[in-house]
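K.L.:
Structure provided below as structure tokens; questions to follow.
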Amino acid sequence: MKRISDALAPLKQSIKLSLGFAGLLWAIWLFEVLSGYSLHQYGIYPREWFGVWGILAAPFIHGSAAHLAANSTGIVILGAALLYGYPKSRWKVLLTIYLIAGCGVWLVGRSSYHFGASGITYGLFFYLLVVSLIRLDLRSIGLMMLAFFMFGSMVYGILPRDPSISFESHLFGAAGGVLAALWFGRDDPVPRRKRYQWEQEDDDPTEGLWQQEPEQLESREQYRQSQREHLR
């Protein structure tokens, strides 16, 4: 049981961190609702110097409970997938997504306030998608399949559809995720796959014998003899 608990510890820690960030977003939104003080003015306003601070602040601001709830789901699940699957590069990936999403919106976005964490969620989704194609290991593919199964419709979210939705945040968040995958996708070592005893033993005891030294053959035969005696 201890070995199972130790193996699950990184996953639990990743989920806790993601839940903690989502909880912070809800605390900020509740402060805004209860105080009556609007934080929308701290969002990104493209090509205006007073709006540049929104590059840092915008992901923490949301317009409604529905807006925040939609982003919270992605933050928790996709965030936990990143933190768990890519422990070496995760903070570089998050910073890249954060900055590219914010700077891209400030440079070319429509002249209106842009806020919300959707740029980060789109960046996480596209990172998990692209990095799995780069690495092609079981963990990366598994995390990608989870992300695509739950959030596959995000692929269409980078296109302008609803004027009230900042597709620019989605688009540049996705661009940040793709670039992060290209830059840091191979930083994390491929997880070692556990090899079971039945995989290490030859089905055919004569297979490959011609490639082995006499000493290796003798030690293998002694091992098999001891195994047969043990079974008796």
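Positions of Cβ are set from backbone N, Cα and C atoms, glycine also.
Under the heading transmembrane segment, TrEMBL lists 21-40, 60-84, 91-109, 115-134, 141-159, 165-185. Taken from TrEMBL, the feature domain 'Peptidase S54 rhomboid' covers 52-184. Annotation source TrEMBL lists region 'Disordered' at 195-232. If you look up TrEMBL, you'll see 217-232 marked as compositional bias 'Basic and acidic residues'.
Walk me through the surroundings of each of these features.
P.N.:
Nonlocal intrachain contacts for the transmembrane segment (21-40), taken as residues 6+ away from its ends with a CB within less than 8 angstroms of a stretch CB, comprise 57, 60-63, 65, 68, 71-72, 75-76, 79, 113, 115, 117.
Using a Cβ-Cβ cut-off under 8 Å and counting only residues 6 or more beyond its ends in the same chain, the transmembrane segment (60-84) has close neighbours at 10-11, 13-15, 17-19, 21-22, 24-26, 28-29, 32, 39-40, 42-43, 90, 93-94, 115-118, 120-121, 124-125, 127-128, 143, 146-147, 150-151.
Packing against the transmembrane segment (91-109) from elsewhere in the chain are residues 44-47, 51-52, 54-56, 58-59, 82, 119-120, 122-124, 127, 166, 168-169, 171-173, 175-177, 179-181, 183-184, 187: each is 6 or more residues past its ends and has a CB under 8 Å from a CB in it.
Beyond the ends of the transmembrane segment (141-159), by six or more residues, the same chain brings 74, 77-78, 81, 84-85, 118, 121-122, 124-126, 128-129, 131-132, 167, 170-171, 174 to within a C-beta distance below 8 angstroms of the stretch.
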K.L.:
In the domain 'Peptidase S54 rhomboid' (52-184), how many residues does DSSP put in helix, strand and coil?
P.N.:
102 helix, 1 strand, 30 coil
K.L.:
Summarise the model confidence on the domain 'Peptidase S54 rhomboid' (52-184) as a single mean pLDDT, whole number.
P.N.:
96
